[in-house]
Amino acid sequence: MHFTKAHGLGNDFILVDCFKEKVNPEDFPGLAVKMCDRHFGVGADGLVLLLPSPSADVSMRIFNPDGSEAEMCGNAIRCVAKYLYERGMVKADRIRVETLAGVMIPELLVEEGRVRLVRVDMGEPRLERSEIPMEGPPGRVLGEPLETGGAVYRITAVSMGNPHCVIFVQDLDAVPFQTAGPLIETHPAFPRRTNVEFIQVLTPEEIKMRVWERGAGETMACGTGACAAVVAGVLNGYTGRRVTVHLKAGDLFIEWPEGKHVYMSGPAEEVFSGEYPYRT
C-alpha cells in the first residue's frame with residue numbers, strides 16, 4: 001500500500017490515497033494504530049484516508065494513533081489540499097473537502113506550481129455546551145472552573161467540529177502539561193473526551209499555545225485548536241479577531257470576522273513516500 005508522509009508545522013500525518021489503493025474501511029482504526037506507532041510503524045499523529053465524495057472534491061477521514069476517529073483536523077486538511085493540487089487531482093485553487101464536521105474549503109496560494117500556503121474556511125464555531133459536547137446546564141462555557149488532579153482550571157469550551165477545552169495561563173512553561181493534558185482530555189464532563197489547549201496571551205494580536213490532542217497526546221501544532229484558542233480569546237476579551245498563534249514548530253494565522261466563519265492560514269509540507277505491507 002502506497003502512502004505519503006506530510007506535516008503542517010510538525011503535526012504529521014500518513015496520507016493514503018484510496019482513489020488508487022484498496023483499503024477495507026473496517027481496517028482503518030487498526031491501520032492507524034500500527035502505522036502511527038513511532039517505534040514499530042511509520043510514525044505520525046494521524047492516518048488520513050482520501051476517499052471519493054458525492055458532495056465535494058474529496059472525502060477526508062482521519063484516525064488518531066489510538067484508533068479513534070477525529071471529526072476534523074486543520075493541519076491535515078492543509079496537507080490534503082497540497083497533495084491533491086500538486087498531483088493534478090484538482091485544478092482549482094479552491095477545494096471542497098468533506099469531513100465528519102462538514103465540508104471545508106481550503107484556498108491555495110500557488111507559486112510555480114507548488115502550494116506555498118493554504119487558507120481554510122473552518123466554518124462557524126459552536127459554543128453551546130451541548131454542541132461541544134459537555135455535561136452541565138445549557139449555555140456557553142466561558143471561564144468556568146473545572147477541577148481535576150487536585151487543581152482548578154478556568155476553561156472555555158469551543159467546538160470547531162471537534163471539542164476543545166481552552167485554558168488561559170500567565171506562564172505556559174509553568175503548566176504541568178503532561179499531567180494536566182490527559183486528565184482534562186478524559187474528564188467526565190466531556191463525554192467524547194476533548195482536545196486541550198493551554199494559552200499564554202502575548203499581545204491582543206499574538207498568543208503562544210501548547211496542545212494536548214484527544215487520542216494523540218501532545219502534538220507540535222493543531223489547526224482546529226488554534227482556531228478555538230482565538231475564538232476563546234475574543235469571547236473572554238483577551239485578543240482581537242486577527243491573531244498569530246505561535247506553536248512549537250511555527251505559526252498559524254487565525255481570523256474570526258465578527259459573527260462569521262473562522263479562517264486559518266498556514267503551510268503544509270510533504271516529507272517522503274513509501275510502501276506499507278497491507279492486504280485486504
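Every residue gets a Cβ built from N, Cα and C, even glycine.
The substrate site in Swiss-Prot is built from Asn11, Asn64, Gly74, Asn75, Asn162, Glu213, Arg214, Gly223, Thr224 plus one of Asn24, Asn195, namely Asn195. Cα spacing between Cys73 (active site, proton donor) and Gly223 (substrate binding site): 6 Å, rounded to the nearest whole number. In terms of local Cβ density within 10 Å, Cys222 ranks first among the active-site residues Cys73, Cys222.
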